[in-house]
Amino acid sequence: MASFVPRLSFPNQLSLPRSYFLGHHAAGLSKMKTMLSSIDLIIECRDYRVPLTSRNPLFEQSLAGRERLTLYTKKDLGSSGGAADRKREEIIRSWHSPSTVLFTDHKSKKDIKTVLKYVKEYAAHAQSIMGSRIMVVGMPNVGKSSLLNALRLEGVHRAKAAFTGAQPGVTRKIASGVKIVEKDEEKGTDNVYLLDTPGVFIPYVPNAESMLKLALVGSVKDTIIAPVTLADYLLFHINKNYPWTNIYDDYCLQTNDVVEFLEGVCRKTGRLGKGGVPDLDAAALWIIQRWRQGYLGTFVLDEITQDGLEKHTREETVTSLHQARKQKKEVQRARAKLRHNEGG
Ligand SMILES: Nc1nc2c(ncn2[C@@H]2O[C@H](COP(=O)(O)OP(=O)(O)OP(=O)(O)O)[C@@H](O)[C@H]2O)c(=O)[nH]1
């Protein structure tokens, strides 16, 4: 039998939306800027599974001038704690050196204690009279509110203060500060407050593959990109990077054909419509959610190399919304011209 050959590239998705910069993202960012003078430290959350793609250049520009802790969230979904994971973390640390970088799973007491230790040390060093104020920022759905709740529970043993949810955009406004560390008279340290902020998306994603990655990790609403396209990208990624794992053995043999894959999922899970027709959209959504919950294993979608951050930053063009619209129009014009030529 011929051995399976995975696809080496994913077809370019010309019609894929490349923007998800909503009104409350822009409003949230402006408000963050105006509040900067009262903030001591920024915790910027990025997603462990997309350490490069979940970097939002807007935070570099708008929130410059404040000390920052970069925290890679959802570690449990990207790392199984093996040698390759440790190597990856070492590389990511080197990107930010000499600044501190932490990797967290919000359910891990150990990880949350490490963040609290950093925060306490920072607060002791900052010696603010009014108590320290920390702002947590990041892309939508990266886990900011979950982090706040976990820090509050571990730090002051208080219940949840922020709503969380599996879809992006649960936090819409900057909340007032929530206490995560109690003052300590003996040590001479004051209270530490954490401010949750709405997730802010990149104004214009420079390439379609980055948009697919961001959609897969849940940074954009599931209604924005067709679930079958997203499942196809997931299949491509699994085949290319984990061809030996038999992750989807339960549904079908190894394949590069998303329809074959999803039909297998439909048959196995009973997602069949009238007359037994497979419901591909429902199967795609289900498999994406299984992936997001970690049931298909641990995944990192970005390629992590020593010069990865530098390369990514170079390639990244922070396109303004005006430029984004201009580019969109150019694509539309090119397509119309193509249609016209094909018709003529
Ligand atoms: N597995 C895992 N899931 C996490 C982790 N942190 C957050 N989540 C989940 O990710 C989803 C989004 O978390 P939130 O805390 O609401 O994210 P957010 O960044 O506040 O989202 P916005 O409201 O869009 O700004 C929720 O379903 C959380 O349970 C983590 O460390 N590991």
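Start at 1 and count along the chain as shown; that gives each residue its number.
Each Cβ is built from the backbone N, Cα and C atoms, and glycine gets one as well.
What you see is a predicted model, and the numbers here were worked out from it, not measured in a lab.
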Per TrEMBL, Asn141, Val142, Gly143, Lys144, Ser145, Ser146 bind GTP; matching candidate in Gly177, Gly188, Gly199:
Gly199
Maximum Cα-Cα separation in Å among residues Asn141, Val142, Gly143, Lys144, Ser145, Ser146, Gly199, which the record lists as binding GTP:
13
Does Lys144 (GTP binding site) have same-chain partners at least 6 apart in sequence with Cβ under 8 Å from its own Cβ, and which are they?
Cys45, Val136, Val137, Gly138, Thr171, Asp196, Thr197, Gly199
Restricting to the domain 'G' (133-217), report the mean pLDDT as a whole number.
91
Cβ-based neighbourhood (8 Å from the centroid) of the GTP site, residues Asn141, Val142, Gly143, Lys144, Ser145, Ser146, Gly199 excluded
Cys45, Thr73, Gly138, Pro140, Leu147, Thr164, Thr171
